[in-house]
């Protein structure tokens with residue numbers, strides 16, 4: 001208690017400020033008895049951080065402190081106000097006189113009303129700023145980081161000042177600068193401050209992820225990365241003794257990643273800097289390698305302390321990718337960068353960009369066409385017909401038109417199945433149930449390399465190539481199951497398996513075979529073991545497997561098209577719309593990333609589904625009889641072929657380009673005339 005002015009301070013409560021970097025000094029001055037004014041409490045702000053608003057009569061209070069001056073409040077003659085703005089600017093008024101704030105702008109006089117205060121903006125009253133939510137603060141920080149990456153530092157400073165946010169913790173900023181400048185001892189010292197902030201309540205956002213490794217382990221990893229960079233830079237500068245000291249006295253005592261330490265020690269033998277950079281796969285001393293190091297270090301820090309690098313771009317890329325995944329007609333491989341898309345509109349592909357339009361009708365076959373298959377490189381299409389011929393078509397990749405390349409003749413029973421070798425050098429043709437032979441053709445020369453037949457009682461209706469391209473397996477419904485070489489020599493056989501369709505997995509050992517027991521089993525010819533993988537309730541007429549070997553697409557009699565997960569052995573989806581009786585119809589995966597599924601149908605249509613949707617996204621009309629087989633070009637996602645009993649092969653592609661408005665327009669109809 002002041003004996004002159006009766007000013008009291010509650011010693012049980014201390015005055016504090018909201019920002020740690022704000023330093024306040026205050027002085028008590030005795031009352032001016034001449035003017036009759038009460039004692040004034042004056043504050044001088046040393047920085048532009050947010051602080052409380054105080055009046056001498058107690059009208060302004062901090063959360064945890066209260067200052068009052070009885071003499072001033074009783075007389076109502078003297079008041080002192082400190083107004084703190086969210087941008088860190090503090091203005092002080094005393095007895096209605098304007099006092100300059102810390103940015104040099106004079107504040108306007110204050111009203112005698114205890115509920116009002118002055119502002120530095122032209123005399124208008126200061127409105128209490130809306131408290132930002134956590135998400136709003138996050139957005140401001142993300143924008144600030146992006147602007148900072150663009151070099152707009154003054155804009156960032158103004159944004160942070162006006163919003164009252166901060167881009168990152170001051171300790172993180174200091175750490176960043178020391179890393180970029182290569183001051184390794186200071187950066188290592190900064191780690192101790194950062195370690196305390198990882199779970200500190202003073203951090204901007206307190207981490208609640210308890211599944212992460214211990215803070216000490218994070219600190220050790222970060223220290224290891226710092227010392228590794230320090231070691232490599234010493235070596236590049238030719239300071240071998242200093243580098244050796246770092247290796248022995250600093251890296252090794254960490255007892256962390258000893259295998260990596262052994263590799264680092266080998267770099268001592270590098271004769272020059274280029275050799276070191278090549279062996280270490282390192283960019284060399286400078287901003288590039290240090291920035292890359294900083295990106296790694298940031299992964300160990302919570303985002304409340306330091307934002308992950310280029311976080312806004314990462315979020316935008318994720319949003320674009322999600323929109324592409326949800327787009328039913330997205331069928332192109334676009335650049336993953338943001339420059340290839342517009343962020344101002346949602347991603348949407350037109351149906352007219354999808355292979356729904358007949359581009360070409362091939363009529364060279366003179367009877368039913370039972371099978372079609374594009375080569376693995378997408379440059380050729382093989383078609384097999386009841387007319388006993390196989391036609392190989394050349395695909396013009398520029399204009400996406402096909403022309404006849406070769407006609408392979410002599411298949412007495414017709415051709416119901418074709419298989420390209422992995423290198424597209426050979427083509428194997430199989431016949432229907434009554435056919436006991438298969439033909440192995442050299443595609444380039446058109447010569448028959450092998451005509452294989454083990455017995456006249458055999459039925460060789462299906463074939464699949466081993467990934468090595470030196471063997472193939474074949475079989476049929478009469479119980480034959482053979483593995484042969486390119487000359488038709490029998491290597492192995494499996495008795496009693498009535499094969500409907502075959503597929504070789506990429507492991508080179510497992511052969512999948514559907515049989516007459518409505519199942520698909522896996523057969524291993526090396527150890528002669530087999531296991532059940534898929535069990536259906538109706539006959540499996542045909543099946544195909546995705547490129548990654550994970551999914552199988554089945555055409556099931558009277559049921560339609562089913563998608564199975566071969567790894568989990570579960571039915572994933574049943575696709576609707578297709579008409580499937582007991583004809584053998586072949587479906588396929590296709591499009592970009594095999595996101596689509598196509599199948600023929602007995603109702604003369606081609607059905608296309610997005611892999612995640614049970615309902616068809618397109619029904620292609622034009623054929624006049626059953627569509628037996630479809631094949632999607634593996635290289636050109638917008639090219640699809642279909643073979644029909646009407647004797648034609650139809651090539652489907654995007655709509656002809658008319659004008660920009662028409663090309664970008666959406667066509668929502670589910671079917672169309674050819």
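Note: Cβ is positioned from N, Cα and C throughout, glycine not excepted.
Annotation source TrEMBL lists region 'Disordered' at 52-132.
Per TrEMBL, the feature compositional bias 'Polar residues' maps to 68-90.
TrEMBL lists 168-242 with the feature domain 'CTLH'.
Taken from TrEMBL, the feature repeat 'WD' applies to 362-396 (among others). Taking the repeat 'WD' (362-396) as a whole, pLDDT averages 96 in the prediction.
Annotation source TrEMBL lists repeat 'WD' at 408-439 (among others).
The feature repeat 'WD' is assigned by TrEMBL to 620-652 (among others). Beyond its flanks by at least six residues, the repeat 'WD' (620-652) meets 331-333, 353-363, 365-374, 376-379, 381, 383, 385, 395, 397, 400-402, 583-592, 596, 598-602, 604-608, 671-674 of its own chain at Cβ-Cβ distances under 8 Å.
With DSSP states grouped into helix (H, G, I), strand (E, B) and coil, the repeat 'WD' (408-439) comes out at 0 helix, 12 strand, 20 coil.
The helix, strand and coil residue counts that DSSP assigns across the repeat 'WD' (362-396) are 0 helix, 20 strand, 15 coil.
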